[in-house]
Amino acid sequence: MGCNQSKSANDVRGNKVNNVNSKKKNNKREDINDGEEIAINPGMYVRKKEGKIGESYFKVRKLGSGAYGEVLLCKEKNGHSEKAIKVIKKSQFDKGRYNDDNKNIEKFHEEIYNEISLLKSLDHPNIIKLFDVFEDKKYFYLVTEFYEGGELFEQIINRHKFDECDAANIMKQILSGICYLHKHNIVHRDIKPENILLENKNSLLNIKIVDFGLSSFFSKDYKLRDRLGTAYYIAPEVLKKKYNEKCDVWSCGVIMYILLCGYPPFGGQNDQDIIKKVEKGKYYFDFNDWKNISDEAKELIKLMLTYDYNKRCTAEEALNSRWIKKYANNINKSDQKTLCGALSNMRKFEGSQKLAQAAILFIGSKLTTLEERKELTDIFKKLDKNGDGQLDKKELIEGYNVLRNFKNELGELKNVEEEVDNILKEVDFDKNGYIEYSEFISVCMDKQILFSEERLRRAFNLFDTDKSGKITKEELANVIIRGFYFFTYSLFGLTSVSEKTWNDVLGEADQNKDNMIDFDEFVSMMHKICDNKPF
């Protein structure tokens, strides 16, 4: 379930956990005490919930089961949305991975906490979204988004093989997610079609990487040494217990091979037979099965299935291969209206109010549905040219240029670069120099959808922790700081940010100057951040 690492890798984790949200090299560390700058991110809202899970959700049906427990489809009691809840038995540890029985349960629980900490840090359109965590005497409960489309594995069984366009769109999404993980120093270690879910059965354009139970933080200075994974997809260096993050790239190469011809490159009657073939690393492109497949596809497979992982391509290189660029979807004229609306909403957004930032990010990342996010998610992925799950300045400028080519109605912009700089200043909530997926969704979505009374009330209640109908600076500090420190640190770290800073945050919305924010003031603040700039 978790990451049973060597000592050296565990040492690395201590340095990586606090930096897991630093999105690209040379980014400054996310730190709420850095120059009194409060950085806002969606991981703040994933927390260990108090009370019994049955008070918040009721069971609809069982979705599946595994070695560590089961996955249930549940519905919110106070809402309408469905969630998938992973139920993990605290007593279900893998005894084969530990020698000292007295340490088994403690080690297993540590792995669960590691998985939770890892999941809460991730913000990518092709990676599963974690909402809440519950815990009782017998179980851990991980509340995640529900994807009704089932496993990619089922699609492979039903369709046997895919044409190159469909295969490229699938691989682009998988590689984008893997590229994002690797840039955050995370290796998945169990990429396979069973761990790729579809949002719905009717489309291959929105898939999700799931099951981070074997995932681990990594460092360029240390090699991973645990033999983990699934026979068909495991990399040869993992069998030798000396590997790095490129083991995920090998697994992607195996998946791509299967998508295009319908069978794996390394087959066998049982796991032992398969592993023997993986150890040799020899595979073939049978002429009859591959004669109509492009040379670009075969070349990419060769790069991903390079036996020597030091010479194997990276996930980013695979994502930017000729095959992906040629066969996967790009922005077209049908996307013009959505893209124009997205850029318009970003231009109008005023992001100086920290409480408003936190509230809109909570609504956009935690309360919106897959269907509501669908069009914007597609646009985000198409704007994200390098596929790293973030929009940089260059990609935003290219988005404007695409609209210019379509003779859009966005209006004449004299200085696109200056416009993009302003957008980054306002929309980059976590201050890392890029626009993340949830930041994009939250700011770009139609505010009539985003700001329903129910959603505004739920956002207000998030901060009004004592349910008094007023938000105080103590409640703000509790929610913000508690969001940064999960399972590890004190929930009451008011000294981490100065009293003046909290007063300033409160004062941004406190119209009657009573040092508290009521619901009407909260609603007024939310509308102002989106309406105070002319379009």
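Backbone N, Cα and C define each Cβ position, glycine as well.
Marked as N-myristoyl glycine by Swiss-Prot: Gly2.
Marked as domain 'Protein kinase' by Swiss-Prot: 57-324.
Take the CB of Thr230 (phosphothreonine) and look out to 10 A: across all protein chains shown you find 18 other CB atoms. In the three-state DSSP scheme, Thr230 (phosphothreonine) falls into the coil class. What Swiss-Prot lists as phosphothreonine is Thr230, and the listing cites similarity to another entry.
The motif 'J domain autoinhibitory motif' annotation in Swiss-Prot covers 345-352 and is backed by similarity to another entry.
According to Swiss-Prot, the region 'J domain' annotation covers 345-363, on the basis of similarity to another entry. For the region 'J domain' (345-363), the model's pLDDT averages out at 85.
Taken from Swiss-Prot, the feature motif 'J domain interacts with the EF-hand domains' covers 353-363, and the record attributes it to similarity to another entry.
For Asp388 (Ca(2+) 1 binding site), the Cβ neighbour count at a 10 Å cut-off comes to 22, with all displayed protein chains included. Residues or ranges marked as Ca(2+) 1 binding site in Swiss-Prot (evidence: sequence analysis): Asp384, Asn386, Asp388, Gln390, Glu395.
Residue counts for the domain 'EF-hand 2' (415-450) by DSSP state, with H, G and I taken as helix and E and B as strand, are 24 helix, 2 strand, 10 coil. The domain 'EF-hand 2' annotation in Swiss-Prot covers 415-450.
As annotated by Swiss-Prot, Ca(2+) 2 binding site applies to Asp428, Asp430, Asn432, Tyr434, Glu439, with the evidence given as sequence analysis.
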Gln390 (Ca(2+) 1 binding site) and Asp430 (Ca(2+) 2 binding site), Cα-Cα, nearest whole angstrom:
12
Least Cβ-packed of the binding-site residues Asp384, Asp430 (other Cβ atoms within 10 Å) is Asp384
Most isolated by CB count within 10 A, of the binding-site residues Asn386, Gln390, is Asn386
Closest to Glu395 (Ca(2+) 1 binding site): which of the recorded positions Thr230, Asp428, Asn432, Tyr434, Glu439, going by Cα position?
Tyr434
Cα distance (Å, whole number) from Gln390 (Ca(2+) 1 binding site) to Glu439 (Ca(2+) 2 binding site):
10
Least buried of the binding-site residues Glu395, Glu439, going by other Cβ atoms within 10 Å?
Glu395
Summary of DSSP states over the region 'J domain' (345-363), given as helix, strand and coil counts:
14 helix, 0 strand, 5 coil
